[in-house]
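Engineer: To start, I am sharing the structure in question, which I have written as structure tokens.
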Amino acid sequence: MANKTAGGNNAFHNFNNDFAHIEDPNERRRLALAEIDKAPFGWYHVRACLVAGTGFFTDSYDIFCVSLLTIMLGVVYRQDNKGALTTPQDTAIKLATSAGTVIGQVGFGALADIVGRKKMYGLELILIIWATLAQALSGPGPGTHIVGLIIFWRVLMGIGIGGDYPLSSIITSEFATTKWRGAMMGAVFAMQGFGQLGGALVMLILTAGFKGSLSTAAKYQNCTGACLEATDRMWRALIGIGIVPAAIALYYRLTIPETPRYTFDVARDVEKANADVNTYISGKKGEGDVDAIQQATARRASVAALEVPKASWSDFFRFYSRIRNGKILFGTAMSWLLLDVAFYGLGLNSSTVLGAIGYGNGNNMYETFYNLAAGNCILICAGAIPGYWLAVATIDTVGRKPLQLIGFVFLTILFLVWGFAYHKISSHGMLAIYVLIQLFFNWGPNTTTFIVPGECFPTRYRSTSHGISAGSGKIGSIIAQGAIAPLRTRGHVTDKDKSPWLNHVMQIFSAFMFAGIFTTLLIPETKRRTLEDLANDWDMGGESITGAEFAQAHKNETGSDEAPVDLK
């Protein structure tokens with residue numbers, strides 16, 4: 001029996017003492033994780049949401065300010081006679097972040113399952129800070145082009161942003177109480193709305209600050225002298241300010257403890273996991289303290305005794321080769337891909353859409369920039385932010401699957417109306433449709449596609465699976481930006497109608513939303529079920545090797561009773 005330690009009270013038990021008399025590591029694991037699952041909502045939950053959410057604020061700010069960035073880059077480094085980037089340049093800059101994000105989501109997702117959540121958390125934020133700063137300080141030279149430099153740094157920034165998706169989702173879900181797990185994960189993701197709003201507000205402030213200089217030019221191509229200098233400073237400030245929230249969150253990310261579920265199920269360190277649970281539930285910072293000798297002894301025993309299946313490449317492929325397992329991963333990945341075709345197709349071109357419906361014009365550059373920034377604020381406050389928080393309020397009662405299904409249905413209808421009645425709807429009517437689309441994006445599949453992959457997979461592959469799902473979503477974003485969004489300029493482009501094919505683009509988006517209805521049917525409902533309960537749904541078929549079986553196989557191969565080194 002383990003020695004008892006000091007500490008604990010009626011409010012916060014000393015779980016080392018509570019479970020010290022239990023020798024079975026499976027029972028100790030079950031009891032410790034049950035304490036996390038049923039813990040009352042407290043400050044430690046709020047802190048976890050804030051640490052993860054600040055990163056998502058930064059991610060969203062950096063991603064969605066690109067529609068304003070490309071306009072200002074066109075003014076300063078005019079590539080055509082209208083003071084704008086060419087369509088391929090505009091598209092390439094917008095695609096760069098998504099391309100990097102795919103790499104980051106899959107790469108960081110897999111690494112978080114291999115080396116641990118804690119070791120990777122914070123590294124992605126360092127990469128974002130570094131790439132954002134370099135981007136804001138970039139300038140052309142005899143052997144370089146500004147568009148190429150921006151693309152390079154936005155790819156690196158995208159890798160960091162991509163890493164934030166699986167890490168923030170998994171860390172939040174594995175620390176969350178079962179009753180409010182969906183709301184906690186939704187609150188983290190909802191910071192995207194504030195990030196979008198932050199970018200629009202910064203643009204609004206910068207525009208007001210340079211009003212005198214911007215008012216001297218009627219159109220983009222007429223911007224010279226003080227106007228050109230002001231615009232150059234504006235885009236650098238807009239990008240550079242994105243470093244601030246990332247820097248604030250960095251310390252807390254680097255000091256966050258490893259999740260007990262990873263320590264139990266992958267590292268297979270029962271003593272350390274119990275100590276971490278005790279520290280976390282007590283509301284303290286950092287990791288739990290544990291006796292090194294007792295830890296080593298317990299870990300050696302738990303390698304063979306824990307019934308949790310062991311992670312390995314062969315187990316991974318065997319696990320997902322089962323139809324009932326593979327179809328859920330396919331459902332989460334394809335739902336995210338189909339959603340992001342329309343979500344990013346609109347979001348990264350919000351300034352274009354605002355211009356097309358009459359909210360992106362002005363008598364001079366000051367009015368144009370002001371209207372674009374104000375229009376983005378209106379869209380975000382009217383549709384996106386309410387949608388995110390309606391999802392937070394309802395996701396643990398209505399459920400993930402119904403919200404996603406209803407969202408895809410309404411989005412299909414709205415895009416159909418916008419596409420086929422495009423020339424009959426007034427600009428105010430289009431604005432109303434745009435706001436409703438943003439509402440049902442976020443009070444629906446945009447939130448649920450982030451949450452479900454962080455819940456329905458077993459611990460050993462949870463981060464990898466979330467990364468694959470999220471990466472699929474960004475492939476959808478690339479499809480939207482590379483293949484669909486450029487179609488808006490087909491036909492006869494004029495100063496009054498710069499997107500003559502926009503109605504057909506909306507019709508294409510409706511087809512993707514319709515397909516999302518069917519991929520939603522493949523995902524499970526996860527509300528108010530423990531992560532262990534959900535993992536058992538996957539592993540009951542015996543398709544994975546258990547700890548005891550792994551230890552026996554190791555003994556048969558080597559003839560040694562030594563505890564085998566963990567396969568990651």
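Positions of Cβ are set from backbone N, Cα and C atoms, glycine also.
Keep in mind that TrEMBL annotations are predicted by a computer and have not been checked by a curator.
TrEMBL feature annotations, pasted as is:
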- 48-528: domain 'Major facilitator superfamily (MFS) profile' (DOMAIN)
- 60-77: transmembrane segment (TRANSMEM)
- 121-140: transmembrane segment (TRANSMEM)
- 146-167: transmembrane segment (TRANSMEM)
- 188-210: transmembrane segment (TRANSMEM)
- 234-252: transmembrane segment (TRANSMEM)
- 328-348: transmembrane segment (TRANSMEM)
- 368-391: transmembrane segment (TRANSMEM)
- 403-421: transmembrane segment (TRANSMEM)
- 505-523: transmembrane segment (TRANSMEM)
Engineer: Considering only Cβ pairs under 8 Å, which range in 188-210, 234-252, 368-391, 403-421, 505-523 makes the most contacts with the transmembrane segment (121-140)?
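Structural biologist: That would be 234-252.
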Engineer: I'm a bit unsure how to read this: which one of 146-167, 234-252, 328-348, 505-523 has the highest number of Cβ pairs shorter than 8 Å with the transmembrane segment (403-421)?
Structural biologist: 505-523
Engineer: Report the mean pLDDT of the predicted model across the domain 'Major facilitator superfamily (MFS) profile' (48-528), rounded to a whole number.
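Structural biologist: Taking every residue in the domain 'Major facilitator superfamily (MFS) profile' (48-528) and averaging pLDDT yields 86.
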Engineer: For the transmembrane segment (368-391), which stretch among 146-167, 188-210, 234-252, 328-348, 505-523 has the most Cβ pairs under 8 A?
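Structural biologist: Going through each listed stretch, the top one turns out to be 188-210.
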Engineer: How about long-range neighbours of the transmembrane segment (505-523): same chain, 6 or more residues beyond its ends, C-beta under 8 Å?
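Structural biologist: Same-chain contacts beyond the flanks: 327-328, 330-332, 334-335, 338-339, 341-342, 345-346, 400-401, 404-405, 408-409, 411-412, 415-416, 418-420, 422, 445, 452, 456, 476, 484-485, 487-488.
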